[in-house]
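In TrEMBL this protein carries:
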BINDING   Lys33, Arg47, Tyr59, Tyr143  substrate binding site
BINDING   Asp69, Asp74, Asp106  Mg(2+) 1 binding site
BINDING   Asp74  Mg(2+) 2 binding site
Amino acid sequence: MDKFNPWHDVTTGENAPQTVTGIIEIPKGSKGKYELDKDSGLLKLDRVLFSAVHYPAAYGFIPRTYCDDKDPLDILVLCSVDIPHMCVVEAKVIGVMQMLDQDEEDDKIIAVAAHDVSVNHYNELADLPPYLMREMQRFFEDYKALENKHVEVKQFLGREDAYRIINDSIKLYNETFSDRQQSSDLVESENGESKDNA
């Protein structure tokens, strides 16, 4: 059996794209840039941020998605408690921040923790305190600038655009990793049969 990899072996979410699974790589407030090692499925420290800025929300990816930058789709999850590394979070999607990173599209889905009553009443970006979106924008622009990288936050878009981007990334994942997807579906089918017979 292939080794477990959270990118490929965790579901996108039964109610995607409205509510998705987020796998957290970087807790809110961190100065470390951690990211999934796509081959091993482990978490690695990519670098420590140069500046005094820190991540404004829990940051990670949506499993079984794939984007043009050859990475899974990024997600920022707002929550009233710290979410640790590699925690699986059910996240309600409320919008997307569209970014250009070195002239390459790099969308960030914005979501709230679905089971946190402090934030799960937010349904769209307009519900958020205005400073939160400014904080997100400044964070990505500032820390990249200090690394001599050009980043431009193009715009914030609502949840319908976020849903479309998520669906597109799921479609691209299924097209790119069709062999793995078929194998995963077979395992899930076998597990379902076992449960029915239990």
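A Cβ is built for glycine as well, from the same backbone N, Cα and C atoms used for every other residue.
Those TrEMBL annotations? Automatic predictions, nothing curated.
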With every protein chain in view, what's the tally of Cβ atoms within 10 Å of the Cβ of Tyr59 (substrate binding site), excluding that atom itself?
23
Quiz question: given the binding-site residues Lys33, Arg47, which has the greatest number of C-beta atoms lying within 10 angstroms of its own C-beta?
Lys33
By Cα-Cα distance, the member of binding-site residues Asp69, Asp74, Asp106 nearest Tyr59 (substrate binding site):
Asp74
DSSP secondary structure for Asp74 (Mg(2+) 1 binding site), reduced to helix/strand/coil, please.
strand
Translate the DSSP assignment of Arg47 (substrate binding site) into the three-state scheme.
strand
Indicate whether Lys33 (substrate binding site) is helix, strand or coil by DSSP.
strand
Measure from the Cβ of Tyr143 (substrate binding site) and count the other Cβ atoms within 10 Å, all protein chains considered.
20
